[in-house]
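Asker: Mind having a look at this structure? Questions to follow.
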Amino acid sequence: MASSKIKKITIMGILIAISIILVVSPLRFPFPTAPFLVYEPGDVPILVGGFVFGPVAGVLLTVITSIVQSLTVGKDGVFGCIMHILATSALVGVSSVIYYRKKTFTRAITGVVIGSLAMTAVMVVLNLALDPIFYGMTLDAVVKLVFPAILPFNLMKAGINSIVFLLIFKSAGNILLRIAQK
């Protein structure tokens, strides 16, 4: 029992480390219509953790990863940390709740599609509410960014991360489950 908990914590730590490495990897690129928005694949290992260990573990991974990223490689400070926690929690939480009810590949696909939409909705609302406060932008300026930048960027980011996740989950998820349960 204790050995399986230690293995679970170890695997979660490895997933956090992989996420942070992916955030600074060359796989990053700016979004064409808004170069200040940068795609990075750091949510993929968090999705793996959420699907393997459940929604609560996925959100916990999100919080820890976001804080560590903010303190080490993040450029957006507390604001970026909060936005990352809320956005990725929406993606991972919603996706893994849907998958956890009935663990099939179809449910995994449904989960990441709905999770991606949830993340996008959360980010639109958060940008509208918080950008004027943290960036000193007018609400009108933020509204003008919703359709050309905020909405498509978040759909793209969540979509790419979900596709990459689905491509690796079947094999990686099974391996991690076997290791954690031994």
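Glycine is treated like the rest: Cβ placed from N, Cα and C.
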Asker: Can you check which of 105-126, 127-148 TrEMBL lists as transmembrane segment?
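Answerer: Per TrEMBL, the stretch marked transmembrane segment is 105-126.
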Asker: Please report, as numbers and ranges, the same-chain residues at least 6 past the borders of the transmembrane segment (105-126) whose CB is under 8 Å from any CB of it.
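Answerer: Residues 47, 51, 83, 86-88, 90-99, 146, 150-151, 154-155, 158-159, 162, 165-166, 169-170.
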